[in-house]
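Trainee: Annotations per TrEMBL:
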| type | residues | note |
| --- | --- | --- |
| COMPBIAS | A:1-21 | compositional bias 'Low complexity' |
| COMPBIAS | A:34-46 | compositional bias 'Low complexity' |
| COMPBIAS | A:71-84 | compositional bias 'Low complexity' |
| DOMAIN | A:142-263 | domain 'FUZ/MON1/HPS1 first Longin' |
| DOMAIN | A:302-395 | domain 'FUZ/MON1/HPS1 second Longin' |
| DOMAIN | A:462-562 | domain 'FUZ/MON1/HPS1 third Longin' |
| REGION | A:1-100 | region 'Disordered' |
Amino acid sequence: MSTSSSSSISSDDEPNSNPNPIDDELSLASVTLNESNGNGSVNVNENENENNRQDGGEITWGRKNSEVEVEAPSSPSSSGYAGERGSSETTNSRIEDDEIQQVNNDDGFVDEVNHSRASSWVPGKRHVDEDDASISWRKRKKHFFILSNSGKPIYSRYGDEHKLAGFSATLQAIISFVENEGDHVKLVRAGNHQVVFLVKGPIYLVCISCTEEPYESLKGQLELIYGQMILILTKSLNRCFEKNPKFDMTPLLGGTDVVFSSLIHSFSWNPATFLHAYTCLPLAYATRQAAGAILQDVAESGVLFALLMCKNKVISLVGAQKASLHPDDMLLLSNFVMSSESFRTSECFSPICLPRYNPMAFLYAYVHYFDDDTYLMLLTTSSDAFYHLKDCRIRIEMVLLKSNVLSEVQRSLLEGGMRVEDLPLDPLPRSSISHRMSQQRLLTDSPERFRESSVGIGGPAGLWNFIYRSIYMDQYVSSEFSSPINSHQQQKRLYRAYQKLYSSMHEKGIGPHRTQFRRDENYVLLCWVTPDFELYAAFDPLADKALAIKTCNRVCQWVKDVENEIFLQGASPFSCATDKTEFAVLMLESYL
Amino acid sequence: MGCAASVPDKSSGRSGGLNNLENGGPPDAKNLRVKLVLLGDSGVGKSCIVLRFVRGQFDPTSKVTVGASFLSQTIALQDSTTVKFEIWDTAGQERYAALAPLYYRGAAVAVIVYDITSPESFTKAQYWVKELQKHGSPDIVMALVGNKADLQDSREVPAQDGIDYAEKNGMFFIETSAKTADNINQLFQEIAKRLPRPSVPDS
Ligand SMILES: Nc1nc2c(ncn2[C@@H]2O[C@H](COP(=O)(O)OP(=O)(O)OP(=O)(O)O)[C@@H](O)[C@H]2O)c(=O)[nH]1
Ligand SMILES: [Mg+2]
């Protein structure tokens with residue numbers, strides 16, 4: 001199996017080697033042909049049988065030697081597909097490059113205008129007119145499906161679920177065939193495609209992808225999609241299937257396409273989706289404290305969790321007593337709120353379930369937007385707490401206005417976070433901290449484009465980007481994207497590379513990898529894992545190794561110097577891990 | 001709906017629900033405060049009606065309501081009384097149906113909306129009327145609203161059907177258009193007129 005995968009990889013190494021997209025069509029052909037059997041006796045394709053034998057039922061595929069991932073970016077012209085369902089707002093949007101497989105001859109390093117996320121992606125499902133017979137549907141690079149164990153479609157990223165009944169039945173047949181054999185299907189490789197299965201009681205989740213993301217990453221994405229569904233419906237939906245195995249769940253998910261499509265979109269830009277950590281909006285320590293104090297105040301009056309967020313970033317959060325909030329729940333909750341437009345219109349009170357907190361029960365969420373980006377979520381177990389929570393919000397709003405938190409939030413949003421170009425040269429004086437987070441920012445308020453053209457080469461020693469994840473705090477910080485990682489495609493490719501690195505560092509049975517240094521034609525990637533933190537850094541592919549290592553040490557020092565501004569201190573959402581370990585900046589050289 | 005398992009039980013007779021009477025002060029015959037709930041199928045235009053009434057806006061892009069939204073608006077009547085509507089704009093999506101009692105419990109007014117181009121939504125409206133007759137406050141004021149009246153060409157529910165059904169059930173009936181603002185203010189004015197006035201307490 002690893003042979004077949006590495007051979008397909010090596011052909012990908014030449015960016016121009018595959019001018020014929022038809023070759024990359026969903027090659028489930030051998031499976032699809034058997035659809036008519038209908039009774040579950042599907043001949044699973046050869047790959048899978050092979051895998052079955054080799055791995056004793058746990059179908060996985062070997063790690064590849066080459067970390068090269070060549071993903072052909074699509075051109076904006078590929079967006080000429082039909083608009084989303086029931087809405088007329090699909091104006092000229094750019095399409096995500098995993099939407100359709102298209103082989104271009106450039107390798108993504110062309111200078112592109114830096115589209116902001118908001119303008120480059122329009123929420124909602126597209127291509128509803130497609131079904132499994134459409135060529136365009138078959139060429140999509142990454143499909144996600146949810147179906148029931150009786151083969152009823154529940155969700156599909158592309159195309160109308162109802163038109164995909166035949167295809168769903170096929171997937172269901174594969175799963176039950178292997179389950180009857182006493183195995184659990186996890187992964188099938190079919191040509192360039194990986195088919196990843198996740199079985200959750202009566203719910204099957206499937207990803208079909210030719211993006212070369214590691215199995216663990218795709219599985220993690222399916223877990224999040226399942227979690228998103230639980231957030232909307234709770235796990236008590238299982239009972240519907242106990243009563244009626246043929247239960248049709250699609251009406252229960254009515255109007256939630258945007259929630260799922262926005263989650264799937266975030267797999268390509270939000271590192272929280274694979275780091276299982278959250279990130280904070282950079283703020284002066286005192287500002288965050290002021291927000292935290294008032295949240296703490298209301299939390300003591302019967303609010304289970306109080307979260308103040310700006311887009312996907314935390315301003316402050318507080319949990320009552322020992323209640324702990326898992327970073328994945330935060331991700332799913334903020335995705336749900338941000339993707340459901342109605343929350344922006346006026347204050348809302350809605351049942352939601354936090355899958356990691358308690359997958360069986362609804363909590364009630366009071367949601368209020370203070371401005372376009374900043375919103376408050378107060379969670380409670382009490383279904384009639386609305387007026388109390390509304391009063392809490394009014395108190396919070398008064399304090400936030402009085403202490404200028406909301407204007408500081410807007411300022412931080414404009415200024416952005418850590419930038420590789422600002423990496424302090426020598427980690428000497430502690431006085432450089434405030435210098436770095438505030439003064440310099442004011443000079444760079446100009447829109448992204450200007451800054452990029454004026455900087456050009458990233459940070460010292462060819463440092464392009466980094467992500468630092470603090471283990472005990474469940475938080476991460478990533479540097480702002482800067483040149484040459486400008487386009488959404490380049491950003492996505494970098495995140496995919498990090499993701500690969502992350503899963504290779506966390507693979508079971510490999511032992512604690514401490515460091516990895518990889519060089520390919522796109523980057524030098526450096527990863528450093530300690531019990532306290534993980535650092536992922538990307539450098540120019542020509543970067544000097546010794547210098548890169550030195551630079552990573554400096555990044556760690558820098559993060560430590562500004563930790564009061566970039567992390568939420570002392571309020572670990574995992575209440576058990578509150579003892580904050582003082583982390584020493586270890587000398588990375590000694591590991592490599 | 002099929003998955004009502006973990007939503008609050010609607011059978012419980014306790015006063016519960018979303019009522020804000022505690023800090024409402026004593027009843028005042030000149031300044032009324034009423035809880036109003038909107039019910040109806042998803043997409044019939046409940047949110048658009050509310051936003052037209054409260055903010056004078058119409059946004060044609062669909063923003064499916066999650067749970068329920070809360071808005072308020074005060075109107076003045078000719079006899080110089082004011083009525084403050086505290087409006088629960090509920091989600092019409094099926095998964096929230098079991099949650100409705102939370103919002104209509106204690107409501108003085110229920111506005112049940114359908115879309116004149118959709119017979120299914122008219123059927124759904126009748127379901128809500130029955131549900132409220134069974135579980136709503138006994139003296140609840142109910143209005144039946146046929147929305148999207150601007151779409152005359154695709155009308156599928158004759159106005160007479162609405163009139164007849166409303167009459168049979170002692171409801172007030174009106175056809176509105178959130179898009180053109182037609183009859184939106186009239187809807188709330190008429191509701192206000194029909195509210196039972198609290199008898200002025202001796203104080
Ligand atoms: N032509 C026309 N369209 C309308 C009118 N009112 C609403 N709409 C459209 O109907 C769609 C749904 O309206 P909403 O107000 O969101 O429907 P809703 O009843 O709140 O739906 P849920 O929140 O899901 O329960 C929107 O896209 C509106 O553009 C109207 O009076 N005329
Ligand atoms: Mg609505």
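Placement of Cβ uses the backbone N, Cα and C atoms for every residue, glycine included.
Just so you know, TrEMBL annotations never went through curation; they're auto-generated.
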Trainee: Please spell out the DSSP helix, strand and coil residue counts for the domain 'FUZ/MON1/HPS1 second Longin' (A:302-395).
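Mentor: Grouping H, G, I as helix and E, B as strand yields 27 helix, 32 strand, 35 coil.
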Trainee: If you average per-residue pLDDT over the domain 'FUZ/MON1/HPS1 third Longin' (A:462-562), what number do you get?
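Mentor: 90, rounded to a whole number.
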Trainee: Over the span of the domain 'FUZ/MON1/HPS1 first Longin' (A:142-263), count residues by DSSP class, listing helix, strand and coil in order.
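Mentor: Taking each residue of the domain 'FUZ/MON1/HPS1 first Longin' (A:142-263) in turn, the totals are 57 helix, 30 strand, 35 coil.
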